[in-house]
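Note sheet for the following structure.
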Amino acid sequence: MRGPLIVSLDVANREGLFKIINKFPTGEEMTVKIGMELFYGEGPEIVRSLLNKGFKVFLDLKLQDIPNTVKMGMMQIGRMGVTYTTVHALGGSEMIAAAKEGLELGSEEAGVPTPKLLAVTELTSITEDALKNEQNCRLDMVDQVVSLAKLAKKSGADGVITSPLEVSSLKKQVGDDFLYVTPGIRPANFPKDDQSRTATPKQAAEYGSSALVVGRPIIRSNDPVAAYHKMLEEWNYAN
Ligand SMILES: O=C(O)c1cc(=O)[nH]c(=O)n1[C@@H]1O[C@H](COP(=O)(O)O)[C@@H](O)[C@H]1O
């Protein structure tokens, strides 16, 4: 079975959040992502509100700092009862291992399951050109993503965030026993916005993504529930 289609609730405050989620029927099993905009605006209480309503929560704060700072931050996240959280793989092996340790310590202390640690490889907004000319990376995008995913796996992450376009290479070179969570998802004929490495839900399923992350195509739709179900169906029923 495919993993979830995670709805990215990129809004500024709880009013904006509840305007969207109250449209969904109660009992709808959903994983939602809280990112820096809502978390910085409303604080950890917003995570608790969503957990209390029965949502699974992906808390995406993309930590990157020295290992001890990340470990202590992840201890706090580990206590909350979220299902997934993120670091930047570019923080390096020691930082990723420290993040994992912090999550384990925090979740154990609180008696909740340990969140899955996902390492962001190259953001889906980054083009091949920016990789070469701004990051001065010698590798092509796919090789760079594979290299960061190998580092993340070796350091104890449960998976990576990457675009669907790299997933088939990742599965071959990094293995099937790792999560490949992919944003940059756009329905056919939908604007890319600031994303550059994009695919449709069907293409992502064909490439082998483990889970999708979708924001604007759902939350900015006139009918977010219909947009969610349409994309979910495409994701679940692609071959
Ligand atoms: O970590 C992420 O979730 C993430 C990584 C990445 O490389 N690209 C990316 O778009 N995201 C997040 O995925 C969501 C995508 O939103 P939309 O472009 O509106 O579908 C946003 O919340 C981004 O912060």
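Glycine residues also receive a Cβ, built from the backbone N, Cα and C atoms like all the rest.
Per TrEMBL, the features are:
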type     : residues                                   : note
DOMAIN   : 4-231                                      : domain 'Orotidine 5'-phosphate decarboxylase'
BINDING  : D10, K33, 60-69, T124, R186, Q195, 215-216 : substrate binding site
ACT_SITE : D60                                        : active site, for OMPdecase activity
ACT_SITE : K62                                        : active site, proton donor
ACT_SITE : K62                                        : active site, for OMPdecase activity
ACT_SITE : D65                                        : active site, for OMPdecase activity
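In this structure, L61 (substrate binding site) is part of a beta strand by DSSP. Per-residue pLDDT, averaged across the domain 'Orotidine 5'-phosphate decarboxylase' (4-231), gives 97. Selection of the binding-site residues L61, Q64, P67 by a Cβ distance under 6 Å from ligand 1 yields an empty set. Recorded residues D10 (substrate binding site) and K62 (active site, proton donor) have their alpha carbons 14 Å apart, per Cα-Cα distance. If you take the C-beta of G215 (substrate binding site) and look for same-chain residues 6 or more apart in sequence within under 8 angstroms, you find V7, S8, L9, D10, K33, P183. The number of other CB atoms found within 10 A of the CB of T124 (substrate binding site), across every protein chain shown, is 24.
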